[in-house]
Every structure is written in C-alpha cells, then in structure tokens.
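The following features are taken from Swiss-Prot:
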| type | residues | note |
| --- | --- | --- |
| BINDING | G332, P333, N334, T335, G336, G337, K338, T339 | ATP binding site |
| DOMAIN | 711-786 | domain 'Smr' |
Amino acid sequence: MNDRVLRVLEFNKIKELVKGYAITKSAKEMVLDLKPYDSVYDVKEHLEETKEALDILMRKGNPPFEGLYDVKEAITRAEKGGVLSIEGLLRIGNMLSVTRKLSDFLARKEEEEEHRILEGMREGLIVLRGVESAISKAIVSEDEIADSASDKLYSIRRSLKEKNSSIRDKVNSIVRSNAQYLQDSLYTVRGDRYVIPVKAEYKSQVPGLVHDQSSTGATLFIEPTALVNLNNEIKELMLKERAEIERILAELSALVYKNIDVIKVNFNIIVELDFIFAKAKYGSDLGGTMPIVNEEGVIDLMDARHPLIPKDKVVSSDIYLGREFSTLLITGPNTGGKTVTLKTTGLIELMGLSGLLIPASENSSISFFEEIFADIGDEQSIEQSLSTFSSHMTNIVKIMEKANNKSFVLFDELGAGTDPTEGAALAISILENLRARGCRIMSTTHYSELKGYALKTENVENASVEFNVETLRPTYRLLIGVPGKSNAFEISRRLGLKDNVIEEAKKVISTESLQFEDLIQSLQEKSIKAENDAREAAILRNDAEKYKNRYKEKFERIESVRDNVYADARREAKQILDSAKEEADAILKNMRDLERMGISSDARRKLEAERGKLRDKISDAEARLQKKKEEQKGEELKKIEVGMEALLPSINQKVIVLSKPDNKGEVQVQAGIMKINVKAKDLRVAKETKEEKKIKKREARLNLRQVDPSIDLRGMDSEEACYTADKYLDDAYVAGRGEVTLVHGKGTGVLRKAINDMLKKHPHVKSHRLGEYGEGGTGVTVVILK
C-alpha cells in the first residue's frame, strides 16, 4: 500500500491511538509498523485474532500484563552469554510471571467458545516456574538483591549489620569526647568509611586520616585512628558482599542463558498478544465491529462513522459501492461534508485491511484491494509551489499509471482548479478510463456536468450529503441515488444577499438548469422521507419480532407445563393400575392354589372370599381413577368475574381472571408472570385448602403495602416501559389499589405517548389523565383502576 494514501487519510493518527493501548516498546513498534496486509487470507486472520481478543476482553476483562517490561535488550545480552544486571533479571522474571498468568488466563473452560488463534498462541507459551522462582527469590527490586538469595550473602550481611552497629557506637563516643573540635556533633560517611567533621584549626587535636574537606576548607572529614580497623573490616565485608552478588547474578544469568530459546519465544508471543489486545482495546472503545471481507470489490458499510471525529459529534452514514454500481459521485456545495464521507470510506477500508475493527454496524463489508489511491487536499501544491490544478493532475497521472481492477480510487473535487467546462470534461474522461480498467471509484465534485454524467451512465451512481439551508451546515448524512444541489442562491439569501440580485442571477441560468436543480431538491426531500419511513418501519419490525419471540416463549412454557401435568397424571394412573394388577395376581395365585387342593365346602368358601377381594380391589382402583379424573376436571364456573381465582386444568395451575369473556368466549388470565387467552368454558372452580386460605388472607393484608402508589419509568425505552407498567398495573389491581401514578418524565413525549396508547387497551384501567400542578404535571400520568 502506498505511503501517500496512509498519510492523506490520516491512518497514522489511528496507529497513534492504538499504540496508547500497548504496554511493551516492541508492541508499540508493531503498531507503528501496521499497514494493510498483502493477502486476503492475512487480512481475515488478523481481523479474527482481534475479534477473539475482544471476545476475551468482554468475558474475562483485561489480560494480566501487570509488571511487564520490554526485555529485548536483556535477551540480546543473555544470548551472548553476558551477565545481566539486577534490573534486567527482574524484568525477565516478571515476563516469566506474565507468561504463567497469561497461560492460565487464555486457557479455555469447557463451556467457553473456542478462540482458535489465541489458543494456538497460548500453546506456544512454556511456563518456566524454576527460572521464575529463582529470580523472584533472589531479587527484591531493580537495585536490590534479597538477603535470602544465598546463605553466604545472608551471613555476610548479618556480619555487616553487627559491625556497623559496633562502629556507630564507637564513633558516637568519639564525637561526644571531641565535641569542642567539631563543626557538628554528627558523624558522616566518605568513601564507605565513617568520618567526623573536624574544624580545620583543630585537626591536630583529632589524630586520624583526612578523607575530604568542605568547599570552604573550614572543615576536614577525618577518620579517627580508633576507627581504622573497624572501617577496614566493614570494607572487607562490603567487598565480599559485592563478590557474592556478582556470583549470584552470574548464576541467574547462566540459568537464563540455558533457557534463552524458550524465554525468547515466550517474549515474542507476549509482545504479539500485547499488540493484538491493544487492537482489541481500541476497537472496544471505538465501538468497532469485525467486517466481512470479500474480493469482489463490494463495500457495504452500515452506520459508518469517521473514527477520528468525537463520538458526540460524528454522524453515521450507510455507504455502499460495488454491487449495482462501481463508481459513486458525491455532488453538492463546497463545505458540504463530501470530503468527510470520502475519508470515512477510505480510512475504514485501511483499518479493516490492517486487521483493525471498524466503526460501523455488524455485518458491514469491506473489499480486499491491492492498492487504495487518494487525491485529496493540496499537500503537494504547498510543498512544491504548484497550482491546485497542477498538483491534483500530477497525482492523478501517478494514480493512472498504477491503478487496475484490484484498486480503489478516491478523488476529492475531480477536475477542480481550472476552467469548469474543461475540468468537467477531463473528470469524465478520467473516470471512464479508470472504469474501463475495473477500478472501484468514489469521487466528490460540484460540477453539474458530472451529475448528468452519473444519471445517464450505467454503473455510475449519484450521491449527495444532506445540507441544512436553515443552519448553513451539512448534516453529514449521505443520500445515495440523489445528486447534490448547490444551494448557492438559498445560502446567499440566508447570508443577506438582496433578493433582486439573486433573481437577476437566476435569469442568467437556463430554465433547464433551474428545473434540474428543483428536481434534485424534490428528489432529496423524497429520499429523506423514504429513509425516515424505512427507519421507522425497521423499528416497528424489530418490535414486532420481539413481541413474537416473547409470546412464542410463553406458549412454549405453557405447552411444557401442560405436557408435564399430563405425564404426571399418566404416571399416577399407571401406578394405581400396576398396584391393582399386582394384588389381583396375588389373589388369582391363591385361587389357583385352592383349586389344586380340591373343591371342598371349606375351599369353596375361601375361593369365593378371594374372588370377592379381587372384585373389591378392581372396583376400588376404578373409583380412584375416576375420582382423579373428576378432580382434574373440577367444577365448572357458573359466573366469571374479573379478579377471581380459577383453576386451569390444562396446566393444572390456579390463575387470576383479568377480563370478561369476549365475543369468542375467551378470557385473559394471568398464570404466574404470564398472561394468556383461554376459553372461558375451560376454567374450573379453584378449591382452596385451609392453609391456602390462611396464606391468602395474610397476602391480602400485605399486598396493599407491598405495591407502591407510583412507579418511575424514566430512562427506559418505550417497549421496556410499557412492559414494566403493564406488570405494575396488574400487581396494583390485585392489591386493590384504586389509583396509581406512572412517572415517565417530560422529554420528547415519545415515552408518554407509548404509555398512553398502552393504557387505552389495558383491561384494568378505568381512566387516566396527565398530572396536575403539584402532582408532576405532564411528566406523570395518573391512572384510575377498575
């Protein structure tokens, strides 16, 4: 990919943002080297790795990179067999700790989805617990070795501590006895030796070795003779300590050298993971998605946003190219937002082809291009003192030398900077030449000739950026299929140009041109209306789909409950019959035994008695089954009242009646949290046990206290608010509340209207009104329940 397009479309700014999420210097360098990949396979693989990292971020949070430093220099030194510094070893130890933690972090549990690429990288990580443990045991910080690094070091430092304690006692005694000769009653250290500050004129009074003097020469730092031997002993111990530390560092460095190949592989994988998660973190904050990548030259971006414009200011657009048409001409006035659309498309393509998530909705598509060319801005004319036209044409010549059917070409104000007639003719010729090669092209222009060219040329489409004449600002919404209107007359009028001047200007323009501009304006208005209608239709379609799915789930739950009830009944009936059959078999066996014994009068009596038992058992089983059927069927309701409790045998559950029977003989009932319509004739009298009656009385006393007199629906969308209010009204009705308040806020009125529409159809609502002064005004609705 050519460097000019990366610079012109400000891809470097995107890389700077991504770099801020990387931790190691090496990963930051990888980000700065990032550019579109050379094959569609590489593009898809790098997009997939970013998407996998985003999935893990969403599910597990940030990976455990804490304490990670770039260890490239330490590894290079270790590879040569050099002794590493305390800092270098500590950083390698931390890197090995991160290796272990990352391996655990990326391990997939059975219930988790597979992440092919990142799990493959995890398999390359080799945990070196022994090396990590040896370093962490020996090194405390970047400039300190632990006492426990070796027994010898521990012994040396203990001796040093004792010697230092002894010499401090000795030097304090000397300071006290020679106080009159000293500048300060303190001791200090020079060159690792304890000394005292003696006034220069009294140096003969304190025998010893002079180690230093003050800048004025008034003070000499003398090591008293009495301290020389102790200082020598401390110095010897310090030399031993330094030698032992060097031995420990050499030993640890040798351990690192022994495992250097594994350490190097681990570090390279960690750097790559750092790079991948930096891309994912940026994509997450951007609200980015993984695009679908094709090789057919098709671009289809839904709700595309320029990634460098702040979220609170950016306007999204649907941008598509490559199916019905291969060239898109964005027309309209200057400062109309055309260039932003051009840059948005080009920059999103560069991001996607570089493995970054794009600022667009799910299922957006980008195409793999071998080259993207852009002629935007006057960069070259400023650098080389060329005219605007010469600058653009120089760049266009270079583009036309290289562009082919795998190229995407972006032109800003093609043909501008020269005579309009010649400029338009050149622009059309350039477009035709590139179209013949199979290029995909997006170009902005304000030439009317190019609008006509797009209208009459196959595979070329007009587009415009919506412009608000009232505010004299573009809305940045792209309208594909509608050429742009210059709005020069209207803008001039808004800025204060006299009407008579504008009317004179209109006379200069041909009637056909004016009619063409009016036609464009009419097309724009119709396009905007159609787009708004389509957006509203999509919202309604989504709402309908949600309701459909919700009631489908309810129906499936009811069916499941009913099937379970039937299954329970069948099991119980089978148990009764099986029990009766077992007893009957036992009686029949007794009868056969009696018959084999011979038929005596006594035997006949016993036989008849057993036959009687059999008849009784069968009759008893039949009676129990019949009773079970009657219990399940229940007593029919003679009168149905709203609010009464009834039994619904099909689900073997008590329900609350919510409405009177309609013309189909159906009533609405509530079963738990579900509302369903059933035939009134299917309802039965609900019989209560004594315990249920006691519980119901207690609930009746508590219900009124449990249901609040108002509910706050602010902050919810219309669907959620209506669902919540519906459930609240049911609870309030059952609790016996006569009046409740729904708080929806004032806002735009959308939520209030949705609530109002719901209340008109609600079976429990007698009437409703907006709140009065002191009740919340138009921000609340007061509901009277039946």
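Note: Cβ is positioned from N, Cα and C throughout, glycine not excepted.
The Cβ of G337 (ATP binding site) has 24 neighbouring Cβ atoms from other residues within 10 Å, across all protein chains displayed. When secondary structure is read from DSSP and collapsed to three states, K338 (ATP binding site) falls in the helix class. With the fewest other Cβ atoms inside 10 Å of its Cβ, the least crowded of the binding-site residues K338, T339 in this structure is T339.
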